[in-house]
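Engineer: Attaching a single structure in structure tokens format; questions to follow.
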Amino acid sequence: MAVTKLVLVRHGESQWNKENRFTGWYDVDLSEKGVSEAKAAGKLLKEEGFSFDFAYTSVLKRAIHTLWNVLDELDQAWLPVEKSWKLNERHYGALQGLNKAETAEKYGDEQVKQWRRGFAVTPPELTKDDERYPGHDPRYAKLSEKELPLTESLALTIDRVIPYWTDTILPRMKSGERVIIAAHGNSLRALVKYLDNMSEDEILELNIPTGVPLVYEFDENFKPLKHYYLGNADEIAAKAAAVANQGKAK
């Protein structure tokens, strides 16, 4: 049976991950640790014999720079790459820039958990005159006003990620090309929920660690057979737990 592999990588730690702030569509770069995580992901993939024909990422530099570092370690810096806003992180609305722990102290751990992980829960909206509104950013100039979020739930994130998967990424895989996606915690959670047919309760508890390759294997009908992280299992579990704890009051 022919097995097709797909690699997903959440960007390495960003400067705002380090500062425990809601990031969303804000274009913050990788921290030094994040660069190291991205390079380590590339080394792991090289050790396991991976190489790729095409890469996808978002239009946010923490994901783009993660992909650059991964491909550099694979000696595949030349690889064709498609960047799409549809792979962007979930938009956190008026929470963008706020410290997660301080927000939890103000609103409570459970409210912040729902804002971060709830399926259909949207954080408070931005207003269009807010400098954080994506309509002020030239990279989104070709998007319609309807496509520009004031805030997003995971459900709304799924509404943009999954059509991009089915219409753009999956056909390339079906043509025989080997694909890697470097994206974000929530855009990848959206894809994982779809691939694994997870319930809303199950996705609430899913935390994807930064800078760790997640491999999916598909059968000849492109149904997922299994998935697994590359690397030390204890270290990966600790990183996922750290992601879960970011939204708790100190």
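Backbone N, Cα and C define each Cβ position, glycine as well.
What Swiss-Prot records for this protein is below:
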ACT_SITE  His11  active site, tele-phosphohistidine intermediate
ACT_SITE  Glu89  active site, proton donor/acceptor
BINDING   10-17, 23-24, Arg62, 89-92, Lys100, 116-117, 185-186  substrate binding site
SITE      His184  site 'Transition state stabilizer'
Engineer: Measuring Cα to Cα, how many Å separate the residue listed as 'active site, tele-phosphohistidine intermediate' from Gly185 (substrate binding site)?
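Structural biologist: About 8 Å separate the Cα atoms of these two residues.
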Engineer: Tell me, how many other CB atoms lie within 10 A of the CB of Arg90 (substrate binding site), whichever protein chain they belong to?
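Structural biologist: Arg90 (substrate binding site): 29 neighbouring Cβ atoms within 10 Å.
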Engineer: Within the chain of His184 (site 'Transition state stabilizer'), which residues six or more apart in sequence place their C-beta under 8 angstroms from its C-beta?
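Structural biologist: Correct list: Arg10, His11, Ser58, Leu60, Arg62, Ala63, Leu87, Asn88, Glu89, Arg90.
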Engineer: Where does Arg10 (substrate binding site) sit in DSSP terms: helix, strand, or coil?
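Structural biologist: Strand, per DSSP.
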Engineer: Over all shown protein chains, what is the count of other CB atoms within 10 A of the CB belonging to Glu89 (active site, proton donor/acceptor)?
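Structural biologist: The answer is 26.
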Engineer: Least buried of the recorded positions Arg10, His11, Lys100, going by other Cβ atoms within 10 Å?
Structural biologist: Lys100
Engineer: Near the Cβ of Gly24 (substrate binding site), how many other Cβ atoms are there if near means within 10 Å?
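Structural biologist: Within a 10 Å radius of the Cβ of Gly24 (substrate binding site) lie 26 other Cβ atoms.
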